[in-house]
C-alpha cells in the first residue's frame, strides 16, 4: 500500500535554516531541489538550488561528485554571463567541507531569480487558445498569430546559438528550461489558461545541472536534437515551426551551419534506434 505521508525534503543548508521568509520549495528532482528565497534583502528574490547528499554512495565519492557538479554548473553560468548570454547570474555557492559545515552533506548554488513564464506554459496556453478560437479567426488574424509564434521560435534559436557560440552545451534543452522574461514587470502573464499569452521578451536559459563546456559539433547537434524531440512530444501544434528555431540558430554564429549538418546525422541515428526499439 502506498504511503500517504507528505514528502519531507532533506534539511536545508545552515545559511538558510533561519531565513525570513523561509525558502519555498518549487520543484524536486532526482539530483536537486529548487527553492525560491531572498538574497541580502527581503525585496531581492533569488533561486536556491540544493544538491543533497546521496546516502547510497560512498561518502568520499558522494562529496567529490556533488562538489564537481555544483562547480561545473556554476562555471558554465559564470562563463555565459560574461559572454552576454541570457542566463541567471551566480550569487553564491558552497558545499560540505568548504565552510566547515557538518551534517548537511551536500552543495548549494544561489542564482539570480528570473521573472517570467516558462516557455512550455506559454506555448501550451497559445495552443489551447488557438484550438478554441481557430474557427472564429479570420485569415489575417491567423497569420498574425502564426507570425507571433514564429518570432518566438526564432528567438529560441538565437538563445541556443548564443549558448553554443560561448562553448557551453546545456545537456537538457526542453521548453521547461526556457523562461520568457517580459520587458517589464507590468507585463507578467495572468494566471488564467483561457488568455492568449504575450510572447514579448527575452528567452532566458535555466537549469544547467547537466551542462558542460564543449565546442564539438556533435555535442551541439545532440543538444538541438533533444530540443527538437521535446517540441515533438510536448508541442505538436508548433512542432512544424521548429524550422524557425533552426533558422534563428543558423543566424547566431558562424559555425552554426556545421552543427546543423551534424544534426542530420544525429536524427538518422535517432530514427534507427526508434526502429530497432
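Keep in mind that glycine also has a Cβ here, set from the backbone N, Cα and C atoms.
As stated in Swiss-Prot, the feature region 'Disordered' covers range 1-24 out of the listed 1-24, 25-48. Summary: among the binding-site residues (26, 30, 32, 34), the fewest other C-beta atoms within 10 A of the C-beta are counted at 30. Listed as Cβ neighbours of the compositional bias 'Pro residues' (7-24) (distance under 8 Å, sequence separation of 6 or more from its ends, same chain) are residues 33, 35-38, 42, 48, 50, 52-53, 94, 101, 103-104, 106, 108. Just so you know, the Cβ of residue 28 (ATP binding site) picks up 15 other Cβ atoms within 10 Å once every protein chain is counted.
The predicted model assigns the domain 'Protein kinase' (20-277) a mean pLDDT of 89.
For the pair residue 28 (ATP binding site) and residue 172 (active site, proton acceptor), the Cα-Cα distance reads 16 Å.
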